[in-house]
Amino acid sequence: MVQLVGSLRKELSDSLSTSKVLVVGAGGIGCELLKNLVLTGFKNIEVIDLDTIDVSNLNRQFLFQKKHVGKSKAQVAKESVLQFCPSANITAYHDSIMNPDYNVEFFRRFALVMNALDNRAARNHVNRMCLAADIPLIESGTAGYLGQVTVIKKGVTECYECQPKPTQKTFPGCTIRNTPSEPIHCIVWAKYLFNQLFGEEDADQEVSPDTADPEAAWNPDEAAARASASEKDGDIKRVSTKEWARSTGYDPVKLFNKLFKDDIMYLLAMDKLWKKRKAPTPLDWQQLENSVCPQEEAAGPGLKDQQVLGVWGYCQLFQHSVEKLRSQLQEKGENAELVWDKDDPPAMDFVTAAANLRMHIFSMNMKSRFDVKSMAGNIIPAIATTNAIIAGLIVLEGLKILSGELESCCTIFLNKCPNLRKKLLVPCVLDPPSTSCYVCASKPEVTVKLNVHKTTVLSLQDRILKERFGMVAPDVQIEDGKGTILISSEEGETEANNSKFLADFGIRNGSRLQADDFLQDYTLLISVIHIEELERDVEFEVVGEAPDKAPLPQSNPEEVNSITNGNKDSAQPSTSSKAPAEDDNIMIVDSDEEGGASSSSAAATSGSKRKHSDTETGETSTKRPRTDQSSAAAAPTEDDDDIIALD
């Protein structure tokens, strides 16, 4: 007769009380998961999360209360969970899982690792650490009403990186600076502007007109002479935006006239840009102030955040937000910097105002503060019930693993609407490892196209090895028979190489590089294909994958005569493809709503896996093309301020 302890077999119950498990992330899913684990009988749990509690977390991360705002999520989660089960042994780390202290030996201490993360870089890292330690990993993800859970085991199932993830959406700098055609372009510009004025300046986030725009093909000297500006404030040297702003004392009116009048008139002088586009319309503070009608700016019905103000309303919001941000800088002292946060009212007001004024200038319909926040903060609505369901499924898969029944594990999809079989939960068999995976294959290898005369060693390290291939601290040597060290993870050892081009080290078409990440116990062989010219805005290309760039424009016969900027709310964009509304929302999770249920049914019967999403981001990989656009998250974590984050 089978002995039961509660609802579990005694053998399994004993295993739970002795097995040590690691939970990575203590946010929306993490809170539910920790509660489930202790109530199921897990006694030895370690949890790690670098984040602190924000007031916006309190509506769904139930282990936290208002008094906990600003404290470590991991530590508070531990304290709250111990109230459910005081006898549990829980260790909390307020730290990043990518810290070198958490090496392969650290991971080998656990019987099981459960991810509850919200960014791709950390997911890739944990995936590799579990592969190196040969420890089972349970991955999960939610996006609104949708959710997914899957199991990863070295040599048995696909790893997290076996299937390519969609490239995080980015936009060419000249589009952001010169020819925005969609609201998201203006929102990205406004976020860049915040950093240029109040935060840490980044040369890649310049907001002034891009005089190097190849499309313009203009004469800067001639155009500068033609670009008129305000008498006192127009003679602005195009140097540091922050330096100029400081010289004005962060005067809101002077900032306004520079950004929305002088810079726009400078753009108008680049006349070739406007031959097939509607030209922007400069704004002048004094003219707007003199022409404003009081009734025009009166607040409308409905929630304040969901109202769309008039132009003068956004001018006033711009003024007030600049004054508040200026005060914050003064309080912090000389050379202080602010960090943009969607939950900081003055910062959010500034981006809302600046983005909407730019939308108006470029003939787009303006957006409410709520809409701007959703896109600027890359928010997918997080639903507590979805998190709870997914956390429960994680525990069920964990019980199978600890029972020695790995073969019965599966990928489970939670749908918003029932499929044709009237199921919300659709299980699919786990797929075997991909033979072409550059992470879990026996000898990981990739081929990269680049220009060896233009690609620097620093670009190879940061853009290719770290950003594209997810390495943390790469060491690179050239397979030239000498073992030439190109990049060393030891600080200062190869810094002199950073600014040099790959060709300077004899790297040419057909050269091979060996990249090692000793923290991840991971080696990748890279074959280099030299190519003189890649497509515009593409630095490199991984052979077999689509180029890493923004979408190319597509012409539509019906739109040829539409010479305008804007989005579909006003007129079709002239510089980007016509896209559904969700295209502003970058990360897509597969779902079966709106007629897609049949595809889910097919997945359940055939055993083919659908997309697997990042926890609470909706970031996905895919094995089959998406047939509907019903679910999306707002527009490149934590890693990429332009593209990720829910919890």
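Cβ coordinates come from backbone N, Cα and C, glycine included.
Automatic prediction, not curation, is the source of TrEMBL annotations.
In TrEMBL, the annotation region 'Disordered' applies to 203-237, one of the ranges 203-237, 273-307, 483-517.
Taking CA atoms as the reference points, CYS174 (active site, glycyl thioester intermediate) and LYS191 (SUMO cross-link) are 16 Å apart.
On a Cα basis, CYS437 (Zn(2+) binding site) lies 50 Å away from LYS258 (SUMO cross-link). Using CYS159 (Zn(2+) binding site) as the reference Cα, a 10 A cut-off selects none from the recorded sites LYS165, LYS191, LYS416. In terms of C-alpha distance, the listed recorded positions CYS162, LYS165, LYS191, CYS437, CYS440 place LYS165 closest to LYS416 (SUMO1 cross-link).
Distance between Cα atoms for LYS191 (SUMO cross-link) and CYS437 (Zn(2+) binding site): 36 Å, as a whole number. Across the domain 'Ubiquitin/SUMO-activating enzyme ubiquitin-like' (448-535), the DSSP tally of helix, strand and coil residues reads 19 helix, 28 strand, 41 coil. Here the domain 'SUMO-activating enzyme subunit 2 C-terminal' (545-641) has a mean pLDDT of 36 out of 100. For the Zn(2+) site, the Cβ centre of CYS159, CYS162, CYS437, CYS440 serves as reference, and the other residues of the chain with Cβ at most 8 Å from it are LEU131, GLU158, TYR160, GLU161, PRO433, SER434, VAL439, ALA441.
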